[in-house]
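Heads up: the structure comes next, in structure tokens.
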């Protein structure tokens with residue numbers, strides 16, 4: 001598309017698979033399909049088990065249900081375009097469709113960050129105030145927290161599509177990924193993007209950044225409480241309830257921070273590294289979270305075995 005010097009928005013963007021490995025996309029799609037299938041089946045299994053098992057109707061597992069729904073949303077947002085590029089070389093995505101996909105990807109990412117913070121708060125209350133835990137985190141309170149998390153993500157990111165629509169685009173219209181990402185679209189504009197950069201950075205720091213800080217503070221308080229426990233067995237038992245959540249936090253935040261740093265400061269980073277970090281950020285957590293919780297949570301593992309036993313009879 002040619003740019004004539006006036007305000008211009010391209011009718012579509014071109015998505016990118018894995019740079020330099022285009023000839024191998026059909027083979028590369030196999031592990032991607034395995035990860036997507038694991039994420040879809042694993043998170044649906046978590047939701048089914050929690051719904052059907054009365055003993056799991058408590059705050060920890062309500063928050064886990066929110067995490068599973070969020071992971072399913074992330075998978076469904078990126079699966080069509082990613083497999084479309086790998087299988088059929090369908091690289092074209094309409095301008096408005098791209099902004100819509102970008103909006104939901106970022107909302108779901110922010111929601112996942114907030115849910116992980118809520119889970120950290122739940123672990124802190126359960127360990128520090130075990131007797132008051134049921135009265136503090138009632139079912140109504142958990143629902144209010146969930147609605148607040150969704151509302152925060154929607155409102156904070158609402159200006160982003162409009163800030164991108166006001167820009168003039170010219171020259172290159174090729175994205176860096178097989179999905180739409182705010183910094184990626186923003187960098188294709190030939191207008192002043194300072195407002196976009198500033199707003200994006202502020203929102204990232206005040207939402208995901210603050211979530212991460214409060215998660216760390218929660219675990220500092222948890223460790224302080226655990227150290228004060230009488231016996232080593234009690235300490236290990238208390239910490240064991242946090243292992244799954246710590247793994248989920250690391251799996252989510254490390255790639256997310258890496259991708260944000262690459263988009264903002266890594267101008268000389270090879271495109272392949274950028275692409276791999278992006279896929280790690282959006283595909284690996286939804287696939288690993290059900291596995292992590294199934295392995296580490298004896299309640300979920302036992303409920304799963306009971307469900308499988310009933311089906312085999």
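FYI, residue positions are counted from 1 along the chain as it appears here.
Glycine too: its Cβ is placed from the backbone N, Cα and C atoms.
A TrEMBL annotation is a machine prediction, not a hand-curated record.
Note that this is a predicted model, so its numbers are computed, not measured.
Per TrEMBL, the feature transmembrane segment maps to 24-50 (among others). Here the transmembrane segment (24-50) has long-range neighbours at 17-18, 56-57, 61-62, 64-65, 68-69, 71-72, 75, 79, 82-83, 85-87, 89, 279, 283-284, 286-287, 289-291, 293-294, 300, 303-304, 307, meaning same-chain residues at least 6 beyond its ends whose C-beta is under 8 angstroms from one of its own.
What TrEMBL lists as domain 'G-protein coupled receptors family 1 profile' is 42-293.
If you look at the transmembrane segment (62-88), the same-chain residues 6 or more away from its ends with a CB under 8 A from one of its CBs are 15-17, 25-26, 28-29, 32-33, 36, 39-40, 43-44, 46-47, 50-51, 101, 104-105, 108-109, 111-112, 115-116, 118-119, 122, 139, 142, 146, 149, 178-179, 248, 282-283, 285-286, 289-290, 293. The transmembrane segment annotation in TrEMBL covers 62-88 (among others).
According to TrEMBL, the transmembrane segment annotation covers 100-121 (among others). Sequence-remote contacts of a segment are chain residues at least 6 beyond its ends whose Cβ falls under 8 Å from one of its Cβ atoms, and for the transmembrane segment (100-121) they are 60, 63-64, 66-67, 70-71, 73-74, 77-78, 81, 93, 145, 149-150, 152-154, 156-157, 160-161, 164, 179-182, 185, 207-208, 211-212, 214-215, 218-219, 245, 248-249, 252-253, 256, 282, 285.
As annotated by TrEMBL, transmembrane segment applies to 142-164 (among others).
Under the heading transmembrane segment, TrEMBL lists 197-222 (among others).
Distant neighbours of the transmembrane segment (243-264): 67, 109, 112-113, 116, 119-120, 123, 181, 183-184, 187, 197, 201, 204, 208, 212, 215, 219, 273-274, 277-278, 280-281, 284-285, 288-289, 292-293, 296-297; these residues of the same chain sit at least 6 beyond its ends, with a Cβ under 8 Å from one of its Cβ atoms. The annotation transmembrane segment is assigned in TrEMBL to 243-264 (among others).
Per TrEMBL, transmembrane segment is recorded for 276-295 (among others).
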Task: Arithmetic mean of per-residue pLDDT over the domain 'G-protein coupled receptors family 1 profile' (42-293) - done: 91
